Structure formats: C-alpha cells, structure tokens
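Listed in TrEMBL:
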- 20-126: domain 'Ciliary BBSome complex subunit 2 N-terminal' (DOMAIN)
- 177-246: domain 'Ciliary BBSome complex subunit 2 middle region' (DOMAIN)
- 312-339: coiled coil (COILED)
- 371-456: domain 'BBS2 GAE' (DOMAIN)
- 459-550: domain 'BBS2 platform' (DOMAIN)
- 562-659: domain 'BBS2 hairpin' (DOMAIN)
- 664-690: domain 'BBS2 C-terminal helix bundle' (DOMAIN)
Amino acid sequence: MLLPVFTLKLRHKISPRMVAVGRYDGTHTCLAAATQAGKVFIHNPHARSQRLNVSRLLQSPLDSDVSLLNINQAVSCLTAGILNPELGYDSLLVGTQTNLLAYDVYNNSDLFYREVTDGANAIVLGTLGDIPSPLAIIGGNCALQGFDHEGNDLFWTVTGDNVHSLALCDFDGDGKKETITSLCPMYGSRFGYALSNGTVGVYDKTARYWRIKSKNHAMSIHAYDLNSDGVRELITGWSNGKVDARNDRTGEVIFKDNFSSAVAGVVEGDYRMDGHIQLICCSVDGEVRGYLPGGAEMKGNLMDTSVEQDLIRELSQKKQNLLLELRNYEENSKQAESSSPLNESDGQRGIIPANTKLQTALSVNLGSDSQAAHVELRISTSNDTIIRAVLIFAEGIFTGESHVVHPSVQNLSSCIRIPIAPPKDVPVDLHMKTFVGYRNSTQFHVFELTRQLPRFAMYALSNPDPAKEPLSFVNFTVNERVQRVVMWLNQNFLLPEDSEIQNAPFQVCFTSLRNAGHLFIKIKPSGEITVSTDDIDLAGDIIQSMASFFAIEDLQVEADFPVYFEELRKVLIKVDEYHSVHQKLSADMADHSNLIRSLLVRAEDARLMRDMKTMKKRYVELYDLNKDLLNGYKIRCNNHTELLGNLKAVNQAIQRAGRLRVGKPKNQVVSACRDAIRSNNLNMLFRIMRVGTASS
C-alpha cells in the first residue's frame, strides 16, 4: 500500500506526459516538467536560497524554488538521466517537433542542439544493444534515432507508423535492451502498456497477463513496488485525475487516489533526500504528491473508502450471480430426476439434450450486390435446439472489440451466419458465447468456444489466370518440403475442403476480398518460392508468416515492385524540392530579421531626433515587413507539414523493404537504404530495395 508523505502546489501548469526527475548536480533530486508556454521548469526544493542569474535558466517570479528554461517552441517530449557518464550527474533532454536539446542544468550549458527532421514525439535515455555509450533515443515520424552526449547519430531505424511512446527493456532475455513503443518497463521481459482508447494492461514478452478498458484516458504509466514485496505494480495516472495501482499478474486494484485535475505524469525519486525512493505524481494544475510504501501493519488501512465500497459491491454482485446459477442447477437436477423426456416446462428452464453440440465453420463469401465480400462464420447446433444470441469478442475486428447477433423471434433457427471482415491480415482469436435453447425458453444454456481466424482469411482461392498475374514479385528459396508449404497454406488461408494441392511445381492464386487484387504463390521442387502481388505490405506479411512457421532466422530475397518504386521516386523528388524551399525560406527569414533590427534602430534614432515623419515611415516599413514575415511563416509551416508527410512515406518504404527480409538481411537493408538517401543516390536505393545490397 502507499502512504502519502508530501504535497506541493506549484504555480505552473504542467503539460501531460512531460514530467521527469533527475539529479542535475549529482546529489539533489529535482523535478522537471514542461509548461504550455514553451518553457521547462525545474523545481529544486533543496537549495531555497540559491538564485541563478544567467541568460537561459531564469528564476521563476511565481516560485522561489523553480527555475525556468526557455525553449521558445512547444515541447513534445522530455526526460532526464545519465547521458555522459564522465560528468557524474544527470542531463535534461528536451524534444520539439524540429529539434532535440541536451542540456547541462548544473553548468547552464548545452551538451548539443540537433535538428531532427522526423520530429521528436517521444524520448527515452539509456543503453541499447551493443552500443556501449548511453543514447538519447527519440521516436518521431516513422523513425527512431539515437544520439550520444556529443550529438553523434549512432542509431537509426524505421517503424511502421509514428512513434508516440518509448521504453527500454530486455525483451528477449539476452541481457541487452531493445526499443519497444507505448510501454513502461516493469522487470525482465515484463512491461505495461496503455492505449489511446483507455486500455491498460501487462505483457510478458508476447503473452498478455491482463488488460482493462476505461472510458478515461491513461495519461501516464509507471512501475513501482508499493507493497515492498520485490515485485513492481503498474501505476496509472488517468485523465479524470485518478491514480491507481494494479497487481502485475491479475490487474486487481490495490491502491487508489484522486487529484482535482488530470494527471500529467508519474515518476519516482528520492525527492526528500531521506534515502527512500518516493512515487511522485503530478497533475496538470501543478499539484505534486509523493508516496512511500506503507508498512505491513497499515496494509488494511490505506485503501480509501471508495475502493472498499467498490470491492463490496463487486463481491455482492458475484454472490447474487452464483446464487442464481446454483438455483438453476438445483431446479434442473430435480427435473431430471422426476422425468426423463423433455417437455415444454423443461425448454422454458433452458434444459436441452445432453448430447447437444455446437459446430462452427469458417468460409469465404464472395458477397452480392447488396453485401460486400467477407468471411462467413457459421454456428449451428446438432439437433432441433435454436440459437437465441451470439456474443463474439475479438481484437481489431469489431468496434468496441465485441459484436452481438440477436435474431428476431421470427428468424430463430438452429443455424446462424455472421459476416466478418477483418481490416488487417493478422490472426485473430474469436471468443464466442452462444445462447442455446428452445423457442419458448426463458433461460438458455451458454456454450463458450474459441475459433482462430486465419491470418489471410480475406483472400479467396481462385483459378489461375496468367493474364491477371501481377508484375510485382518477391523471389526466395527455403529448405522445406512441399508438404510443409502446403501445411502453411492450410493454416493461414481459408481453403475449400475439396481443394487438392499437388506436388511441386504448383501454383495457387487468391483474390483479395477487400480490393479484388490478385495474389499468386508459385513453388518449385528446389524450394524456390515466388510471391506475385502488387501489395508490398501483403508480400511482407507473407514472408514474415512463412519465416515464423518455418523458423527461418535469416532470409534474403529478390523483389521488384515497379509501380510502388515509381511512386516512391516521385516522393523523393518532392522531398528534395521541399528541402530546397525550406532552406530558401529560412534564409529569407534571416534576412528579414536583420532588416527588422536595422529599421528599429533607424526608427528609434528618428524618434530621439524628433523626426516624426521619418519615424512614422520606418514603422510603416516595419509593419509591412512583419506582415511579410507572418505570411512567410505560414508558408514555412505548410512546407514543413508537406515535408513531414513525404518523409513519413520514405521511412515507411524503407520499413516495407526491410519486412521483405528476415534477420540480418533485414537490418542490412534498412541501414543501406539510409546511407543511399544520405548520399542522395536514388539508383542505389532502389537496387538495395530490389536485391538487398548495394554491390553489383
């Protein structure tokens, strides 16, 4: 349990998720947070008499313990930690949408100030992989970038989408940390996560322990051992001001507190300098609270009244449900003893034949004029019982992750068909609860079943037509028997029961139910496989699926996507144009700034000489120049937005080229593509994407 130990009221608004603690002098723990006015404040309660009279770090007029750092841009991410081990104290890292600042608070100096073209949405500081020095790793526009204490770019890779959160943990247990997104590390390979839809949970590697979903948004998550048992709990700060702690294995709430405004951040540190690590929670209104783990004697007293009431209410509901279920069992047992054949009253109580079975089947439905093509889930009973309702729970398919089918009384039958259209090619578990009984039943028997939807269920087997074969392809070789490839096909596609795949060489053709695109898969006796499709994402999904099924660690391929590569070439040309416009606009803005300074001096000289006519003329010129500057700024913002959109397309193209490979070839392609872009060698870039290497 947690025991409140201090409360502070800082007169500064705090931006959500922009809170960090650090020992910027190597000794005293200070709180740093971003404000909504393009500033970062540093709260240092350990040196109340200290006054900093420097150009960049200024004393706050609102609070003597707070110093302000002017960033002059909206802060998008913030963290603190050891960046240069030789200094012996923490550095402050501040990211904006265009730059990254590494700041030495103690000496009031910049370690480095770097432009980041992909922006900085998230930041984490620590060691990564085999790189010995600590890195400031930023996540931005479909890219990750890591800098050392001198600002050297030592790490770069691409991601499938924009990065909004970063954490470091040893995911695969090899003793080295890897980057993962939207998470907070707990210990070992276990991590907590929070989604924008209000979902919070815990994973251990790829196994999910639990998750909960709230109508509020999780603003910050942190791992902290609140009951001194050596195991960290997941602490969550919510948009409604609630702070709760949940058991890492079950998700059970074991502590709860409330702020009057949304929680901005949850961190930990020895803020009182008493040798104990406190959990520190900050609200957006500047309220700061510190907590310490309570002793064993306080375990039953720290849960507030509302938590106890919630627990009593939950247990009472469980008691009522169990009593109702027990009463139903007793009535059914008595009826079974008194009579063997089923009658009308039996049906009303939900009694069904003991041999009743529920059968499920998945098939492809090509649709009609009134209904789009889809995957059809068929649920049926083995006798004359009817299906009253079906509840399906599945991630990523239905809005709200669940779907209810409740036929009208006139349409009740022993069989029900449910259309399913997964938006992405991922395997999904369908958890079904089916209510079975008779037409006059008031109580129903509930069957619970789970059926996996194959990864490529949205592709229908069709007759090969050479005229429809796509020009784009991926070619590679695997050391697997043809029968194993057929097993992979059966596991990942919905093949008709009467379909027979002969020995190699053979080919299968599929048609997408989403866009009617064609997919050809050809297998030769030598193990050479050719996947023909115009969808580079689909090709990458197929290769990654095969690699997982066949346990392939490294796979090099030859690929060509002429239409996609031509679109990418146009995007790269636009990127060069936007860079040129950006440089020209920056130069024009610098010239205008110099001219403004000159006009101000002339206007003031005229005022001192009481030459009002000249002064007025200069200020009119200043007014016109300021209008030009504002218009130029708008153009620059629009240019920057377009540039980011095109850079995102470039980074996604590199990521897609990497997903066509597995293992070391994948990493080599990503690295080589970046080198080709740096040297502005487009021909080399497309060669790397095609064959995986720059050498001929």
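Including glycine, each Cβ sits where the backbone N, Cα and C put it.
Any TrEMBL annotation is an automated prediction that lacks curation.
Here the domain 'BBS2 platform' (459-550) is broken down by DSSP into helix, strand and coil counts: 29 helix, 27 strand, 36 coil.
Within its own chain, the domain 'BBS2 C-terminal helix bundle' (664-690) has Cβ neighbours under 8 Å at 156-158, 554-560, 565, 568-569, 572, 576, 650, 653-655, 657-658, 696, counting only residues six or more beyond its boundaries. Confidence annotation: the domain 'Ciliary BBSome complex subunit 2 middle region' (177-246) carries a mean pLDDT of 87 in the model. In terms of DSSP secondary structure, the domain 'Ciliary BBSome complex subunit 2 N-terminal' (20-126) contains 0 helix, 50 strand, 57 coil.
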